[in-house]
């Protein structure tokens with residue numbers, strides 16, 4: 001099983017590589033959203049239960065398999081059983097899909113980073129119209145940050161069917177993003193090992209700066225109270241538990257093959273059990289830390305919007321009823337509205353459609369995740385800070401580091417099986433293999449820089465990995481416990497780290513984790529069936545908001561192909577092995 005291959009310089013470098021890969025954008029933009037949706041501090045209860053029952057055991061299993069077999073995902077599972085070669089291929093296919101669209105986020109981060117040096121920030125105010133007599137109509141119907149995102153960044157089309165042309169600025173940013181990734185992976189662990197120190201540590205420095213700044217912002221305490229106030233009734237909501245399990249599963253990067261690839265470069269005696277626990281805890285702690293930062297920003301943004309709304313209502317009432325300066329304040333606004341409605345019913349009734357119902361709770365309840373949180377909500381908050389250019393540069397540089405760190409793991413999951421192949425490795429140097437993979441991904445990724453590119457991005461983000469990864473990790477767990485054998489795996493671990501796994505690890509591997517994954521699979525399949533026609537959110541420029549539309553037939557076909565392309569690798573790999581063995585036996589019997 002041993003193979004001569006480059007190793008990490010030391011165990012710390014391996015831990016940094018795992019942290020750089022596992023701690024990604026999901027910690028910053030999905031975990032806070034789930035906290036907001038499912039009970040604030042109460043969400044931490046199912047989250048940590050799932051971490052213990054699912055996250056740490058499966059992470060330990062993948063690290064141990066990679067370290068023991070000393071191969072990438074394809075080679076490792078082929079050693080365990082030739083019939084499992086399709087599991088590794090499925091992981092590579094999913095990682096390839098992920099790499100195609102994930103680096104687009106880095107392209108967007110570059111775009112915003114370059115624009116962060118302008119004064120004022122380009123998303124701070126709406127641009128003037130062509131006649132310079134007012135603001136752009138689309139921007140007036142929405143907000144300056146949404147206009148910059150949907151119109152000036154994406155130049156988004158009104159639907160998936162209107163594909164539009166390629167945006168050359170975004171295409172250049174995507175090319176730059178792939179060039180950076182290529183330079184980071186150019187010489188394998190030799191170059192990646194140095195980069196991970198930066199991509200793993202710098203985001204924490206930025207988060208600490210943002211934490212200090214966030215806690216000093218006006219209204220930050222409102223966001224933190226909202227986060228840490230537990231809504232325990234959400235514990236009876238099955239979706240809260242499903243979301244916790246899904247967040248743990250994907251934030252650790254299980255099933256992609258990246259962790260197996262990283263572990264294959266370890267010394268055989270490396271303590272992978274300790275590293276699985278360390279990486280899991282750091283990943284989860286980062287999610288909570290990032291949520292504190294995010295909710296302090298949320299609180300500032302919500303308070304700013306709430307007070308702006310109040311001030312607009314006060315100004316409207318004072319002008320309409322010719323009230324004295326200072327007679328109407330935020331404290332007595334409710335009483336004065338009742339008084340004016342009683343004394344001037346007709347005038348108040350005419351004014352009522354213009355009076356917004358200002359609510360701090362409603363502002364805090366506005367749940368946003370993904371690109372909406374990263375590129376709209378944060379931009380909205382940054383533009384209202386002092387020295388916004390500084391905080392904008394820091395924030396988008398942090399996004400870039402998180403994105404590049406994740407891309408190092410994604411590309412490692414693709415490249416390690418390729419470089420393990422004697423046929424490929426003997427004919428092409430590592431630099432050429434890396435270059436070809438990056439070039440192919442970059443060319444295909446240009447689809448996401450078209451006017452309808454964001455809709456295709458959402459398709460890949462929603463459907464390219466979810467079901468596939470659940471099936472991959474389920475097969476991995478069953479393979480180790482019931483095909484390779486739990487006792488044989490125990491002996492391997494004893495050989496590597498000097499002790500056998502305790503009862504906790506064995507129970508989780510053999511029973512708890514597989515049952516959890518099966519439950520998740522059933523939930524997602526049921527959810528897809530009950531949903532009926534799949535839909536997406538399209539940008540309507542005439543209304544300045546998102547509208548729901550049905551996916552066209554060809555998009556549904558692409559979704560089906562994305563799911564089938566990876567999941568079918570597992571049965572097809574087993575079938576191919578069976579046929580080859582059958583033919584081999586027939587040839588032997590014929591010769592005999």
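Placed from the backbone N, Cα and C atoms, the Cβ positions cover glycine too.
Automatic, uncurated: that is what TrEMBL annotation is.
Straight from TrEMBL, the features:
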type	residues	note
TRANSMEM	12-31	transmembrane segment
BINDING	22, 23, 27, 251, 283, 402, 406	Na(+) binding site
TRANSMEM	43-61	transmembrane segment
TRANSMEM	82-102	transmembrane segment
TRANSMEM	168-186	transmembrane segment
TRANSMEM	240-265	transmembrane segment
TRANSMEM	277-298	transmembrane segment
TRANSMEM	393-415	transmembrane segment
TRANSMEM	436-457	transmembrane segment
TRANSMEM	463-486	transmembrane segment
TRANSMEM	507-526	transmembrane segment
TRANSMEM	554-579	transmembrane segment
Next item on the list: List the other residues in this chain whose Cβ sits within 8 Å of the Cβ centroid of the Na(+) site residues 22, 23, 27, 251, 283, 402, 406, in sequence order.
Entry: 19, 21, 24, 25, 26, 252, 253, 286, 405
Check: When you check the transmembrane segment (82-102) against the transmembrane segment (277-298), do you get at least 3 Cβ pairs under 8 Å, counting only pairs 6 or more apart in sequence?
Finding: no
Checklist line | the transmembrane segment (43-61) versus listed stretches 277-298, 393-415, 463-486, 507-526, 554-579: most Cβ pairs under 8 Å | finding: 507-526
Checklist line | Stretch in 240-265, 277-298, 436-457, 554-579 most in contact with the transmembrane segment (393-415), if contact is a CB pair under 8 A | finding: 240-265
Next item on the list: Enter the number of other CB atoms within 10 angstroms of the CB of residue 23 (Na(+) binding site).
Entry: 28
Item checked: Long-range Cβ neighbours of the transmembrane segment (240-265) (under 8 Å; 6 or more residues past either end) -> 5-8, 14, 17-18, 21-22, 24, 26-27, 30-31, 34, 37-39, 43, 46-47, 49-51, 54-55, 58-59, 62-67, 69-73, 76, 88, 91-92, 94-95, 98, 189, 234, 272, 279-280, 283-284, 287, 406, 409-410, 412-413, 415-417, 465, 468-470, 472-473, 476, 516, 519-520, 523
Checklist line | Close in space, distant in sequence - residue 27 (Na(+) binding site), Cβ under 8 Å, 6 or more apart | finding: 251, 283, 286, 287, 290, 402
Checklist line | Intrachain C-beta neighbours of residue 406 (Na(+) binding site), sequence separation six or more, cut-off 8 angstroms | finding: 20, 21, 24, 25, 102, 253
